[in-house]
Amino acid sequence: MGSDKQNPGLLETLKMETVRTIFTHTYPYPHEHSRHAVIAVFIGCLFFISSDNMHTLVQKLDSNFKWWSMYACLLGFFYFFSSPFIGKTIKPSYSNFSRWYIAWILVAALYHLPSFQSMGVDMRMNLSLFLTIYISSILFLLVFHIVFIGLWYIGLVARVAGRRPAILTILQNCAVISVACCVFYSHCGNRANIKEKTFERRNCGWFTLWNKEERNSWLTKFVRMNEFKDQVCKSWFAPVGSANDYPFLSKWVIYGELTCSGGSCAESSAEISPIYSLWATFIGLYIANYVVERSTGWALTHPVSQKESEKLKKKQMKPDFLDMVPCLIFLLIWFRTSADLFKTVFDLLVSVAVFVGRFDMRMMQAAMSKVEDAAKQDDLLYDQFSEHDELWFDFMADTGDGGNSSYSVARLLAQPSLRVQSNGSSITLPRSNLLLIGGDLAVSNLDFRYPNPSAFTYERRLFRPFEDALQPPQWYKGEHIAANKPELPCGMSLLKEYDGPQCFVIPGNHGGWFMPQKRSYFALQLPKRWWVFGLDLALHSDIDVYQFKFFSELIKEKVGDCDSVIIMTHEPNWLLDWYWDDVTGKNVSHLIRGHLKGRCKLRVAGDLHHYMRHSHVPSEEPAYVHHLLVNGCGGAFLHPTHVFSNFDNLYEASYESKAAYPSFEDSSRIALGNILKFRKKNWQFDFIGGIIYFLLAFSMFPQCKLDHILQDDTFSGHLKSFFGSVWDAFIYMLGHSYVSLAGAFFLLVTAVTFVPSKLSRKRKFTVGILHFSAHLSAALILMLLLELGIETCIRHKLLATSGECPVGYHTLYEWYRYVESEHFPDPSGLRPRIEQWTLGLYPACIKYLMSAFDIPEVMAVTRNNICKNGMESFSRGGAAIYYASVFLYYWVFSTPIVSLIFGSYLYICINWLHIHFDEAFSSLRIANYKSFTRFHINLKGDLEVFTLAVDKVPKEWKLDPSWEGESKQQPDLSHHQRKFPSKWRSRSSQHDPVNTVKIVDHFVVEQTVKPEFEAVNGSVSH
């Protein structure tokens, strides 16, 4: 029997967690190696093909330049059209449609262009060899996977290997292997080097191309790349040896062909084929790579335990909040559906037009409540923090647009403490007792840029990130409606007894933040004679009479002469009024200047999604407001800062910019993304831009007289004739067109009215006309390029070779019938009988499907008939077929160009004219650069202000094991008392907001000492 205690084996003594870490990658299978194999094979094919065809290609380049240019234009336009959908699916319906659409019309166009072989590039491969290798590779790999799964089943490999392989990945890898072998066979052959001709690697000559003695002749040798290719074939891909050296494999290998000087060799080759060795190498690399990736170390690890398997599942968990940052190019894009548009317009009419602009929800709230002495209303004034010795509180704004950005800020707010660097030293900032939220989705909640919100989007974009950052208390019930606020937990009667974090402004409990607020405006009495006034500006950008009465009486009765007030609004009207040259918030101004009289130390607001602080410049004149702070980086897209860099005056006092995030330079640089990334970020613009461009060029199709462009001998002559034809098309549009002229007029009016009213009327018309001219010129140039391409193919007998329509529509079908009769004879007469049995559907379906596929032929044949007989000779159906075929290609050409021009227009406007700041940056949908402001009323009564920021927002999250462990160990502990309150952490610890947070601004507002307004303002240290 022996002892039950066994000596540990070798594998058990190894540190298997370390081994697993080494062999396990963070990315899932299929991994990057498959893509690397495709790239390597593509580069190898390009090298072999160019090496064998370089001399012929250079000789034929002059005569084929126009065809190479046409290939480049086609592939370029098709690439830029499909670039937003490469590598990821933004919208499954449109993305998948675009892939099939691009494949269809691209193949149809390339079919009619000259073949690469006729232009000097031989790309032929041995089809039978390809099919043989392809099928053999599939069978071999299928057998390997079956054996591998069997080994997993009996426990010889890790449990991770049990995942089934992707069939498409296997087929892709087999295709790559087959193409590589066939290209090698086509350009290197299947030669077997006998021993007398062995290659001496030490003296190999493939480095001689780059010897010092021959540096001057590198261009000549570049043309003679076939010599270099031969040396590569002999040295890198030489046969591995003789089959006699491997008796076991002698019956399973493919032998190479002997090359003898006297013709055919008498003896058969015993050398293993280089094609076979290449195939075996690729298969071996695939197997080795698969084993390492799937088994996390072949035979080095035991099967993963159930506990470890559960951990793997939890790592794959993801948060379910939405991360769809809105795109605000302009209203036609923002209102994606007509239902949303009509609903929003209807709601606006009800709230504004029906009540002649006098309806205000705040008045309804006041009318429904009993009017009392304003200073004594318990639902407006909160003093639960007034007796604290010191207080920490936060301000954030404009949250709820993107789940990743909103959760990043909420996670920072929820942490028990944050450790950051300040002036070379590390400081710890504890979590605040109070959270103030402003900006969009706050205070008024009536921002027109966010139409038609739904309960689902509020839940997933706003409430869910906050709940995941700080879980609600156990006594909280999500379905419960708080009728009498504040509803405290059992055992508490006063709000002062609640020790958890509190939240003001947003209507509803935010996760672990308790909200006792009842009205849309409020006043908070804080320690050390500090106050916070939360004003509701609504759609009028001003407070109503009831708010003015409440705050003015509060100031008169309770706010002392040496007290300090922080005024919080949802938008910074001091910046917006300066920008738009407007005057709003007259009641707010009267409250600050006429009642507070210098006691307003700080104004904070959101709405603009950046951080900026302006401070009063000391002077003989007193300041009504000492500091102006904007921080709207709570979870929305980014706004520029450099547009507001020149602001310097408020209430006849001077101000200077003290901090901006992002900086003015970074803000200007970010705007460049409108040129580079506009279409990738805003592919919805295709629907508008493509249709408008087609309307602009509609009446100019077809262009029948293009001989003068094609017959010029010089390049400058071609350009002169080309742009002359563009001008002629423009003149024709003005004199004879109806559809295109109407489209041009609509675009002109839209372009002019789209320019903000910030500019003068003259500059507005100038900018609008230039913008319109760029689009109109691009539409006409693209129209003429498309017509030149079709005309060139017709002149070279590549299109419209079968006469007039409708016979000419079926060129592809006629070719198919010829190939069918040539290679697949029918001596028994089966095809006529099938045609009779199917009532003629058999050939008719193929015929018309091929016609529908061959769009270029339909377009060319119809164009020839229009140019010959006129448009009047066509029926409406025939004209519709022509314009539909033109639209299919013109759409692909126009959509990248219209996005490029519109993005360039936004870039020029935002950086040079400082207009369109909302459209230019909302189109980029930047979720980074997030921040919030943390305030501290210290023991001295001074207000310390820290603005904390995160440059880059994580996009991938995983379940925090520390949060999970603490939840299991202490399930009854309140979430705000936990060390790890947040459910998710960044998948990469280096990018987690807790580790990357930094201070971007820090200043101190000293407590007021002299109450007289005429006295010098309190000093401020930075």
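Cβ atoms are placed via backbone N, Cα and C, with glycine included.
The annotation compositional bias 'Basic and acidic residues' is assigned in TrEMBL to 961-975. The compositional bias 'Basic residues' feature in TrEMBL is assigned to 976-988. Positions annotated as region 'Disordered' by TrEMBL: 961-992. Annotation source TrEMBL lists transmembrane segment at 37-55, 67-86, 98-116, 128-154, 166-185, 321-339, 683-701, 729-755, 767-786, 880-908.
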Legend entry - Residues of the parent chain within Cβ reach of the transmembrane segment (166-185), under 8 Å, 6 or more residues beyond its termini: 29-30, 34, 37-38, 41, 44-45, 48-49, 125-126, 129-130, 133-134, 137-138, 141-142, 145, 233, 237, 274-275, 278-279, 282-283, 286
Inset, instruction - Please list, for the compositional bias 'Basic residues' (976-988), how many residues fall into helix, strand and coil according to DSSP. - result: 2 helix, 3 strand, 8 coil
Inset, instruction - Using a Cβ cut-off of under 8 Å, list the residues of the same chain at least 6 residues beyond the transmembrane segment (683-701) that approach it. - result: 84-85, 90-91, 94, 327, 329, 332-333, 336, 729, 732-733, 736-744, 746-747, 775-776, 778-780, 782-783, 787, 882-883, 886-887, 890-891, 894-895, 897-899, 902
Inset, instruction - Over the span of the compositional bias 'Basic and acidic residues' (961-975), count residues by DSSP class, listing helix, strand and coil in order. - result: 10 helix, 0 strand, 5 coil
Legend entry - Paired segments the transmembrane segment (98-116) and the transmembrane segment (729-755) in contact, 3+ CB pairs under 8 A: no
